[in-house]
Each structure stands twice: as structure tokens, then as C-alpha cells.
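What follows is a set of notes on a single structure, which appears directly below.
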Amino acid sequence: MTNPSAGTLTIERKQSHVELCLHANVAFSGKTTGFERFYFEHNALPEIAFAEIDCSTTFLGRHIGAPLMVSSMTGGYSEASTLNRQLAEAAEHFQIPLGVGSMRQTLESPLHRESFAVTRKYAPTTLLFANIGAPEVAQGLSQSDVAMMLDLLRADGLIVHLNAAQELFQPEGNTNFHRVLEEIHNLCATTNVPIIVKEVGNGIGAAVAEQLMEAGVQALDVAGAGGISWQKVEEYRFLQQFGHEHRFSSNALDELLNWGIPTTNCLLDIAELKRLQPQFQQIEIIASGGVSSGMDVAKSLAMGAQLAASARHLLHALHAGTLTATIEQWLNDLKAAMFLTGAATVDALRTKSLLNH
């Protein structure tokens, strides 16, 4: 499935994505994650010691150091090797899961495959996930394609990202989303590692979640609205290439750039779906999309998530040289919420009440 010219275009796009996420205003505006609308009921008698709080938990049957995941970011170009090495080192240090960026480029060309493989070298024992996009899945991945991606990382699972809004705005985007669900079902049936399906910042609602659960996925990452808008990232790229926006009316553009379901809406709706349909209880939920602190992580757990994930905030911390310190702060945020609700363990925190402002 290699195509060297397509691989070169993908490399250039990946470099541009990282630069824009670091330096451009690509966050949602006028729409938030919704985390700020909720607060924990304070427990004036926690009856636990802060020093004894245990943040460890499980994900897909594996023990992890904390309910936090380094979300899919990048790979597939030379500079990505350094970024992924540093992310992998942090994930290994804290024993938290790590997802790599889209591996489409590895299907198009063998160039820069090492930028993905480096993650397992520096994260030899923690959970590590390969990643491919819905447009590639829709075309029908061969078993050799899937095996190559998994073997390159010695991956513990495969993430399929749903990015319809991003593809719509991307100058070279692929907007043919026929057969995505069918091919996800095929992947679940033929792949011997867990399949995780995630959005990229527009959210997964209950109806789509039900379809994906029925297809056989083992985890869903809601990746709701309120964090990074990939429409805005691609709009920047479009304007750089063409100078002005002629595809959409000015009256609709702002709504399209901020299109999506807020993260907390996704979490609460899917929690209700799982409550009403017990056959889905074992499917684990990842909260992402604007997660910006350990308090957001704590609230996510109380809303039914197994863990939370972050990409852009951790990328900024990595760029600033503060990745380890930032994760440590987030874990202290989480422990503070646990202490003040009387939850000595992550499972205990899941039972605590959230109140709505």
C-alpha cells in the first residue's frame, strides 16, 4: 500500500499540524468542555490520609499507574522521533498509556517509521497503542497493513480515529466515510488486540457509541468539543494555501469551526447508555477533549470514564520542558479531589457525587 509521493504530503501535513497546535489559536471558542459546570460534593470527614491515596487503576485488564493517558499526537516525520521519545519516557515513568499519532504515513512509505517505533524502545512496559484514521479503515486495511502497524510498536491495541469534521476542512481531506462502521466491525473480528475508537475533538454521542459498541470495540475515547478544534487547524492550512475561505458562508463558518458535542455531554450520555444497556458495561470509556488538569480527570471518572487523556496540553508542556512536572501536578490535582471527597482509591472516586452549578 506504499505511495512515496502521498507519504511526502503526509509528512508535510504532520509537521504543520504540530506547529499550529503549538503556536496558533486553534482552541474552541464559545463552546467549552462543560467540566466547569460541575463540582464535587465536599466531604468534611474524609477519614483517609492524603499520603495513602492510591491513583493506580486498570485499563483493558492491565494495571496502570494513574487514570491518565498521553493521547495520540504525532509521528511520521524526522522531528517526531524526539517528541515521541520524550512522550514515551514520561509514559513509562508514570506507567500510563500512550497513543501514537496517525500511522497513515507508514502505510504510504517506509520513511520515518522509526519515529513511531521509538516509542516502544523508551516505553518498554507501559500500554502503547497504534493509530489509524477512519478514511484508511474505510478503504479496507489488509491484514498485513494492520500487522505492520502493530508490529512496529509491539502495540497493545489499535486506535481508529473518527475525524469527519477535520477531513471536511482539510485542503486535501478525504470525505468519503462510507463503510467505516462495517470495516471497524471487521477489524474487531479479525484483530487479536483491542480496538479503541476515538473522535478527535468533535465528540461521540450515545447513538454512535451504541453502534460502535455493537460492532465490537473494547473502548471508546469520546474526544469531545471544548479543547482543540481540528477544523481550525485545517482552516489555517487552507488559508495559507489559498488566501481566503470560499468554501463556506461567513454566517456558517464560526459554527462549523466550533462544531461538536461538549466532552461532559458525551460522558454523561454514554454513562446513561451503559446504565440502560448492561451488555455494554465492560466497554471502557476514555474522557478527552479539553482535559486540562487533574481536576478534569477526577470529574471524568465520576462521570463514568475509566481514565482521561490529553494531547495538546501535554504537547505544550513538552515544548516548554515541563512535561514531567505537569503530569505530577495533574496527579496531585487528582489526589486533592480524592482526599476532599474521601476517596482513597480511584474506584472509590467513581462513586462520588458531582453537583451542577
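In case you wondered, yes, glycine gets a Cβ from its N, Cα and C as well.
Now, the feature entries from Swiss-Prot:
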type: BINDING; residues: R13, K14, S102, M103, R104, Q166; note: substrate binding site
type: BINDING; residues: S71, S72, M73, T74, S102, N131, K198, A311, R312; note: FMN binding site
type: BINDING; residues: E167; note: Mg(2+) binding site
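Residues listed for substrate, R13, K14, S102, M103, R104, Q166, cover a largest CA to CA span of 16 Å. Cα to Cα, Q166 (substrate binding site) and K198 (FMN binding site) are separated by 13 Å. Distance between Cα atoms for R312 (FMN binding site) and M103 (substrate binding site): 18 Å, as a whole number. With respect to E167 (Mg(2+) binding site), the closest of these binding-site residues in Cα terms is S102, chosen from S71, M73, S102, M103. A gap of 11 Å separates the Cα atoms of M103 (substrate binding site) and M73 (FMN binding site).
Separation of the C-alpha atoms of R13 (substrate binding site) and S71 (FMN binding site): 19 Å, rounded to the nearest whole number. Residues S71, S72, M73, T74, S102, N131, K198, A311, R312, recorded as binding FMN, reach a greatest CA to CA spacing of 17 Å.
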